[in-house]
């Protein structure tokens with residue numbers, strides 16, 4: 001954190017470190033350490049731009065261009081610079097200027113290797129007065145090309161997410177078409193940003209523009225905004241027969257951005273792409289239809305009436321505030337709280353499974369502490385109460401864990417977690433029940449009681465001359481005795497567990513029926529006593 005004195009000193013120096021010979025230039029504000037795949041905020045450089053006296057308290061408009069490397073992002077940004085400088089100096093409509101003038105600004109060149117690393121902003125912040133009379137600060141942002149040979153998916157996701165989180169207009173620069181993998185990458189990157197912002201229930205980002213470069217099908221969809229919007233509507237359309245994953249991608253994009261647009265831009269010309277000597281002069285190489293569409297695209301993005309201030313949580317952000325958000329966001333991505341992105345499908349599944357496993361472990365550990373292996377028998381009512389308490393604790397942990405995929409995607413994993421917790425609870429109940437002394441000796445007690453009762457009944461019936469009934473009781477005594485001996489052997493040897501389970505179930509059924517009959521008789525006797533009536537057996541006398 002910069003002290004007030006240091007902040008003032010940094011701001012008073014302006015963007016001197018980023019300028020050569022007193023001229024504005026690009027300033028590196030997020031540095032990528034490619035070997036360590038880590039990120040560093042150049043706080044001094046960022047402060048030198050955003051804390052200049054004349055703009056620090058103005059609401060800021062941040063226009064960012066992001067996308068795959070070597071697709072002309074810096075090239076487009078330099079035309080934006082030309083437009084802004086033209087409006088600053090004289091404001092006439094011919095902002096493209098002298099056709100003999102080379103294109104300067106953000107570093108760009110033809111070739112196959114990326115030119116920009118990390119995130120850069122232009123050192124001069126433009127002040128623009130909107131039609132309503134409000135003055136705003138306009139910042140242009142350039143990003144590292146995604147998916148170069150040295151960048152991991154996490155590198156790309158972090159850079160794209162940071163630029164999207166801090167910009168009011170994110171231009172997604174694509175080549176030739178909007179492919180399905182472009183949408184999936186966008187879903188992954190924006191979800192990575194939404195995780196860091198803790199935005200779940202509202203749209204965390206503002207404007208997304210798909211800028212499709214080198215559009216080759218003007219006979220299907222015209223160049224420009226109108227053709228682009230028609231093309232985008234078709235590409236992002238959600239249909240019933242589509243696979244769930246494809247539907248989720250489209251729903252996710254609409255849920256993340258308040259406004260989504262598309263602009264189709266023609267190829268600038270073959271010589272622009274192939275000539276090593278091209279320096280951006282409009283007179284040379286650049287196709288007329290490309291220049292024509294540029295004169296529509298750039299004013300559409302930067303016209304004072306179109307400028308949209310950066311908002312976070314519904315509040316407009318000043319240049320001073322943007323610096324603080326940069327510092328807060330970079331700390332999140334430097335930490336270990338966020339999941340490591342792989343692909344959207346892998347990341348969401350693995351991340352949610354990990355969160356569910358962690359929550360399940362919390363429940364299991366908590367229950368083990370009160371009714372685990374060596375813990376004494378616990379009352380079923382207390383066990384149920386603790387189950388509900390620890391279940392809620394586990395669910396709260398799952399909900400609070402940062403997860404990819406959004407609330408709807410995570411809900412199915414929450415349901416699975418609840419089912420697994422229920423299974424664990426049933427196992428804990430069985431284990432707890434086995435600790436009950438009466439439960440342990442329930443089966444032999446029932447069998448022994450049955451043997452004793454039947455033996456006495458056999459003697460009585462034999463005494464009064466009912467030999468057949470007495471022999472029947474004796475047979476039943478023999479069967480119960482065999483069952484008792486068998487149960488004891490099974491308990492001792494651990495064999496024939498199914499037969500032992502059947503004997504236990506039979507004993508439990510007999511005990512349940514006897515208890516139910518005694519309970520009903522007792523309740524009836526109590527009711528009769530309260531009502532002042534004689535018991536049913538006395539009535540019959």
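For all residues, glycine too, the Cβ spot is worked out from N, Cα and C.
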Per Swiss-Prot, the range holding transmembrane segment, considering 446-466, 509-529: 446-466
Correct range for region 'Disordered' (source Swiss-Prot, candidates 1-22, 45-66): 1-22
Where Swiss-Prot places transmembrane segment among the ranges 405-425, 468-488: 468-488
Using Cα positions only, nearest of the binding-site residues to residue 391 (N6-acetyllysine) (74, 142, 214): 142
Positions whose Cβ lies under 8 angstroms from the transmembrane segment (468-488), at least six residues beyond its ends: 443-444, 447-448, 450-451, 454-455, 457-459, 461-462, 496, 499-500, 503-504
Close in space, distant in sequence - residue 214 (GDP binding site), Cβ under 8 Å, 6 or more apart: 175, 176, 265, 266, 267
Between residue 142 (Mg(2+) binding site) and residue 74 (GDP binding site), the C-alpha gap once rounded to whole angstrom: 7
Residue among binding-site residues 74, 142 with least C-beta crowding, 10 angstrom cut-off: 74
Confidence summary (mean pLDDT) of the region '3HB (three-helix bundle) domain' (344-434): 81
Residue 391 (N6-acetyllysine): tally of other CB atoms within 10 A of its CB: 21
DSSP helix/strand/coil residue counts for the region '3HB (three-helix bundle) domain' (344-434): 78 helix, 0 strand, 13 coil
